[in-house]
Amino acid sequence: MSETRFNIVFDGALMPGVDTTTAKLNLAELFKSDVSAIERLFSGRKVALKSNLSQSEAQKYLEALNKSGIDARIEAEPSLQLDLGEVQDSPQQPGARHSDALIDPVSPYAPPRADVGESLATYSTLKPFSFEGRIGRLRYLAWTMVLTLAMLPVIGIAFWYSLSWVLASNSLAAMIVGGLIGGAIFLGFAFVSIQFSVQRLHDIGWSGWLWLLNLVPFVGSVFPLVMICAPGNDGPNRYGPPPPPNSTAVKVLSWLWVVLIVLMIVGAVAGAFSGLSEDYDTSSLSSYESSESSDETSAEPAAEAAEPASPSVDYEEEQEEQ
């Protein structure tokens, strides 16, 4: 008895929370095909995306399709039963060619010719310098750390050369050109940082235009924390499949932010205690000096009052004569 084979069947149904446009884009990316060719699959008619599969293969393909937002299902292929007693010879029609029976007509509802098993991509492609795609929380922190580490030496070197040029030429034009160069470098890094933020928002399922909330007073001080802490969608959303798993380098770079933040907090607390200690020492010294000066001031009148008045010489002479 032969093994039961299975088909992957799709009739246009989608996974909960996935709209039709997103499903078409995801399926087109999985099949490496055009969206126009994929639209034929959403007619509502049952289409076999993959046929003659084992149960394990069918389950693997079904999971990949479900992650892309396609609510496909597995159906067993009907078993073929032949009854030789019912086979009847039919006369061949005149003018008909034998090769016509071998021609497989192209159905407008046929799936793309691409091999589903080889072209299915479970995760999206990483595009650091793009406004498209998705990145998770750890990768967002890691990319931002790399950008920061690259920005600091570049800005330092540019500032040093600009300052040397200004001091050597001692002209206003050198100052203006140096300022423009530094501003252009800063804007370039800021542009890349915005791209990272937009991809992080896409992973949450939000529009990239929400980045503008960073420019709103008070909201801009809280929204970056929301971007860092908010979890992304597990499956595909309207911005594409989920990002690939985090590598070891991503995890290490993201934890560097934690170390840096802890060092900044420790430094701030140490600086605050140092300032309080200096203020306490200064206030103690000033209070001690003020108490000494007040003691000296009060002692002087007391000393003056304690001194006896010396008798007059003329008065003593008068008493002797008497």
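Here, residue 1 is simply the first one shown, and the rest follow in order.
Cβ atoms here come from the backbone N, Cα and C positions, even for glycine.
What TrEMBL says about this protein:
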COMPBIAS  282-291  compositional bias 'Low complexity'
COMPBIAS  299-312  compositional bias 'Low complexity'
REGION    279-322  region 'Disordered'
TRANSMEM  140-161  transmembrane segment
TRANSMEM  173-198  transmembrane segment
TRANSMEM  210-233  transmembrane segment
TRANSMEM  253-276  transmembrane segment
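Listed as Cβ neighbours of the transmembrane segment (140-161) (distance under 8 Å, sequence separation of 6 or more from its ends, same chain) are residues 128, 178, 181-182, 185-186, 189, 192-193, 196-197, 199-200, 227-228, 246, 249-254, 256-257. Counting residues 6+ beyond its ends, the transmembrane segment (253-276) has Cβ neighbours under 8 Å at 137-139, 141-142, 144-146, 246 in the same chain.
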